[in-house]
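Beneath this line is the structure, given in structure tokens, with notes to follow.
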Amino acid sequence: MVRRIVIVGGGSAGWLTAGLIAADHQGSSLHITLIESPDIAPIGVGEGTWPSMRDTLRRIGVSESDFFRECDASFKQGSRFNRWVTGADNDYYFHPFVLPQGYDEVNLPEQWQAQHPGIPFADLVSYQPHLCVNGRAPKQVVTPEFSSVANYGYHLDAGKFGVFLRKHCLEKLGVHYVPDNVVGIASHDNGDIAALHTQTHGALEGDLFIDCTGMQSLLLGKHYAVPFLSQKHVLYNDTALAVQVPYPDDNYPIASQTSSTAQSAGWIWDIGLPTRRGVGHVYSSAHIGDDQAGAELRRYIAGTGGPSDIPPPRKLSFNPGYRERFWHRNCVAIGLSAGFIEPLEASALALAEMSATMVSDELPATRAAMDIVANRFNEAFTYRWQRVIDFLKLHYVLSRRRDSDYWRDNTAAVPDRLNDLLTLWRHRAPSRNDFNRIEEVFPWASYQYVLYGMGFRSEFMNPQPRQAALADGYFREAAELTHKMLGGLPDNRTLINHIKRHGLQKI
């Protein structure tokens with residue numbers, strides 16, 4: 001029976017995993033130990049989250065008000081993609097978190113193409129892009145913690161987030177903390193890990209070992225040598241330059257969305273926190289050198305209200321891909337030890353949440369049950385990683401940019417499943433039939449937002465003019481909600497300042 005869990009590695013993935021399992025199993029005999037090296041700083045990537053993080057934080061038992069105060073957090077309501085389609089200055093679209101009005105009730109893309117083809121799809125079917133453009137918060141001062149008026153996730157300082165989670169896990173959830181380095185691994189005769197030898201705390205035994213050691217993948221990768229499946233032939237980006245950018249003044253507006261602005265051989269992310277922006281250039285080292293990538297980053301920052309002179313950016317190199325298996329014997333990898341790809345849709349923390357949640361929900365009662373759970377876990381997350389790769393590649397495949405080898409090359413190497421879907425979508429919209437798992441990584445609404453935001457048009461074979469009036473009603477409903485919310489929601493900075501001073505109501 002699993003009674004001793006040993007997590008190796010801290011950071012967001014390690015402490016999220018510890019927090020979720022500890023909170024779910026409070027009052028049981030389960031003992032959770034987290035070993036964190038004092039000599040290795042967390043990578044600190046993943047400053048954007050999905051709305052799922054609200055449920056995760058609530059499940060762990062933290063206060064959302066404290067989270068905002070201690071993690072330099074702000075609201076995220078989706079993503080804005082600039083210059084991805086043609087590269088022109090007025091080329092943009094939104095992928096909001098709110099589902100379209102009339103989602104699953106009417107064929108919105110067909111009626112959008114028939115009635116309002118000149119209006120961006122997301123702008124017509126959702127009020128959230130308009131909230132983002134106008135810098136509105138997704139809730140009011142009186143909205144309780146974790147509740148929303150408009151669906152939202154977070155932007156956060158990843159370093160502060162790890163510290164915040166660690167404090168909560170140690171003070172509230174009884175997680176045992178060992179600040180030490182792992183120097184050896186002892187195994188049972190059957191190949192299971194028996195204990196981890198540490199530099200100063202001796203051997204730490206366990207029944208289940210969770211690898212949150214980042215890209216070094218100390219347990220799953222180095223000890224068990226589980227193969228890594230590179231996806232560099234599909235997603236070319238393998239390098240990032242990241243920098244923190246100050247605001248011109250303390251009252252500067254805080255963006256409601258992550259902005260992704262396409263460049264000659266990659267794209268630049270721009271995240272607004274209360275005290276600064278987080279900006280980074282993700283690119284393909286096979287298509288552009290570090291100096292040119294750095295010059296594009298500096299030019300972007302200077303052109304978006306930042307200083308013309310920035311400190312040297314932090315460089316991160318990575319091999320995009322994932323492990324052949326994520327759970328092997330009594331070891332499971334969560335976070336960057338399981339895999340990593342570019343942060344185009346902020347999937348890193350979301351996959352860590354999903355992984356930790358499944359481990360907690362399916363915690364095996366016996367060693368025999370562990371093999372069954374491991375097989376289910378591996379099947380589920382192989383599927384999820386493949387769907388994330390499909391979704392990210394969709395952005396590149398649909399681009400009409402041909403101004404560099406990077407954009408021309410990106411039209412090739414399309415995964416078979418994505419290619420099949422694109423063939424189907426030439427004559428119909430993405431639907432539930434395309435994504436019918438209980439927990440899809442991206443719902444089909446997300447595919448509609450990106451597909452039609454990128455300028456794709458479907459030639460519908462069976463037009464349904466009788467749906468025109470129904471769709472028009474939903475279009476009007478979205479417009480009415482836009483007007484109502486713009487008049488009733490505060491701007492981001494106003495609400496965040498209120499939270500820091502007074503907090504939010506408890507549920």
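Even glycines carry a Cβ here, placed using N, Cα and C.
TrEMBL entries are annotated by machine, without manual review.
Annotated FAD binding site per TrEMBL: Gly10, Gly11, Ser12, Ala13, Val182, Leu336, in sequence order. As annotated by TrEMBL, 7-chloro-L-tryptophan binding site applies to Lys76. Here TrEMBL flags Lys76 as active site. Positions annotated as L-tryptophan binding site by TrEMBL: Glu345.
Annotated features, which come from TrEMBL, shown on the structure.
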{"residue": "Gly10", "record": "FAD binding site", "DSSP (3 states)": "coil"}
{"residue": "Lys76", "record": "7-chloro-L-tryptophan binding site", "DSSP (3 states)": "strand"}
{"residue": "Val182", "record": "FAD binding site", "DSSP (3 states)": "strand"}
{"residue": "Leu336", "record": "FAD binding site", "DSSP (3 states)": "helix"}
{"residue": "Glu345", "record": "L-tryptophan binding site", "DSSP (3 states)": "coil"}
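Counting every protein chain shown, the Cβ of the residue listed as '7-chloro-L-tryptophan binding site' has 27 other Cβ atoms within 10 Å. Of the listed binding-site residues Ala13, Val182, Leu336, the Cβ environment within 10 Å is emptiest of other Cβ atoms at Val182. The record assigns Gly10, Gly11, Ser12, Ala13, Val182, Leu336 to the FAD binding site, and the maximum Cα to Cα distance across that set is 19 Å.
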